[in-house]
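Participant: Handing you this structure, nothing more for now.
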Amino acid sequence: MITIINGLLLFLFAYFSMVIFLPVFDNKRWIQWGKESEECYQLNRVLFYLIFIICSAPFFLGQFSIIKYSIYFITLLLLISRGMILIRFNSIVNAYIIFLLWLAITMIWSSAPFDAILLLIKYSIPLLSLWLGYSAIQGEYDLYFFAKYVTRYSLIYALFLGGISAVFAPSLYFFLNNFFLTYAGLADYFTAIIGLFFVLNWLTFSHKHYLGAVWLLLSTLLEVVRTGLGGITIVGSMFSLFRYKLKAIPYLFFFGIMFLSIVLFVPKVNEKFFGNDAGKVTVTDIVSGGAMSSDKIQTSGREYIWDVLLRKFYEPNKIVGAGLGSSTHYLKDKKTGFTQVKITLIHSDYVQLLCDSGIVSVVLLGVFFLVLLLKAGAIALSSSYFYSKMTAALAVSSMSGVAFSMGYDNVVSHSMTSLIIPFIFIGFFMKYSELENEYVSE
């Protein structure tokens, strides 16, 4: 039964991925400005497809997930070949391409070519998604409608797939877990998109959008997803910093106090962070005593897996690694041997990079993060164009939250759910920066 439902969902995904560009769907692209307005706005086809992709991102589809990735990857290539997705280069894109090229080079000495190809595709999909995001934006109103629809669907996912149903309707929660991403995967999705609620507040000056962000936070809190709680805190802090600059200090204090309060005073979260020391850790221990250091926080067996893989793959080849895909292939083959823990995934994209592609890969990825931060920061400080500043804040905050999650989760493994999203926002940022130059020249 589960296989049949997943197969049906896959068919629907493939069907809409094709027909969404046909004239039969043109009427669906007309959207009313509001309930009381008769005026309509037509979304372009690429933006309509992008909204579909992001809103359907939590569809995991079980054993068919690799087919879903293939459909998306092939669709992007077809759109590029037809000129519907435009390829653009700048310092941000170039930095990521250099990182990708290094990963491709490390395939040469990989002992797991199939795993290497899959990983390279998963790391390449975000770049293609960046160009998709760039091509989807054709005017200022596109961002508003994109944010409106994506946030609306995220509220529904938080209700049925997140902590709300996990606590109050566990039977429904575990049933839907067969078809959709839940727990950490869903929390990473929320981390990536939660900045859209802040964008809507910035666009409309309506504080009701903050309630949507709180709803996603509540869902993550009830599921006790530590990476999600940390990621959401980082997104809120970075967005506030970019929006308010020096005036952001109260907001930074707010997010810091919020996170510490959750860790200290929510029993299940406290227990998951500190294990046997739950209830004994104080604010002083966290601020000055190193209670939040990696060797003090409970990692649910992750540190054992990391230690084994780093000793086997990273330490003998610290600079270049053992070859892309080597560590993931080894873990899949040897998972029955890890009897000390129940975990059978690496749960850290940085550990995987160190093992497979060495310190060079982490440095190059860090350079990409730095270039994005500097480029977006320069725009946030110097630009007078509203949309350039806003999408700069959106791109950096989303990327910061996802980058944090990559340290403790397999974000790349479900890159179509979360990793592509900040890259799409980078595409938005690039396009609005170009539009700013056009408006200035006019």
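Even glycines carry a Cβ here, placed using N, Cα and C.
Annotations per TrEMBL:
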- 6-25: transmembrane segment (TRANSMEM)
- 46-63: transmembrane segment (TRANSMEM)
- 92-110: transmembrane segment (TRANSMEM)
- 116-134: transmembrane segment (TRANSMEM)
- 155-176: transmembrane segment (TRANSMEM)
- 182-203: transmembrane segment (TRANSMEM)
- 215-242: transmembrane segment (TRANSMEM)
- 248-266: transmembrane segment (TRANSMEM)
- 353-374: transmembrane segment (TRANSMEM)
- 411-430: transmembrane segment (TRANSMEM)
Participant: Using a Cβ distance cut-off of under 8 Å, indicate which of 92-110, 215-242, 248-266 has the most pairs with the transmembrane segment (411-430).
Facilitator: 92-110
Participant: Would you mind listing the long-range same-chain contacts of the transmembrane segment (215-242), meaning Cβ under 8 Å and 6+ residues beyond its ends?
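Facilitator: Residues packing against the transmembrane segment (215-242) from afar: 154-155, 158-159, 162-164, 166-167, 182-184, 186-188, 190-191, 194-195, 197-198, 248, 251-252, 255-256, 258-259, 262-263, 266, 268-269, 272-273, 376-377, 380, 389, 392-394, 396-398, 400-402, 404-405, 408-409.
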Participant: Which sequence positions outside the transmembrane segment (182-203), separated from its termini by at least 6 residues, show Cβ-Cβ distances below 8 Å to it?
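Facilitator: Here the qualifying positions are 54, 57-58, 60, 143-144, 146-148, 150-151, 154, 157-158, 161-162, 166, 173, 176, 209-210, 212-213, 216-217, 219-220, 223, 225, 227-229, 231-232, 235-236, 239, 243, 390, 393-394, 397-398, 401-402, 404-405, 409, 411, 414, 417-419, 421-422, 425.
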Participant: With CB pairs under 8 Å as the measure, which of the listed stretches 46-63, 116-134, 155-176, 248-266, 353-374 comes out on top against the transmembrane segment (92-110)?
Facilitator: 353-374
Participant: May I ask for the residues of the chain that lie six or more residues beyond the transmembrane segment (116-134) and have a Cβ under 8 Å from a Cβ within it?
Facilitator: 46, 49-50, 53, 66, 69, 72-73, 76-77, 79-80, 85-88, 93, 96-97, 99-100, 103-104, 106-107, 110, 323-326, 328, 356, 412-413, 415-416, 419-420, 423-428, 430-431
Participant: Please give the sequence-distant neighbours of the transmembrane segment (353-374): residues at least 6 beyond its ends with Cβ less than 8 Å from one of its Cβ atoms.
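Facilitator: Result: 91-92, 95-96, 98-99, 102-103, 106, 110, 119, 309-310, 312-314, 317-328, 395-396, 399, 403, 426.
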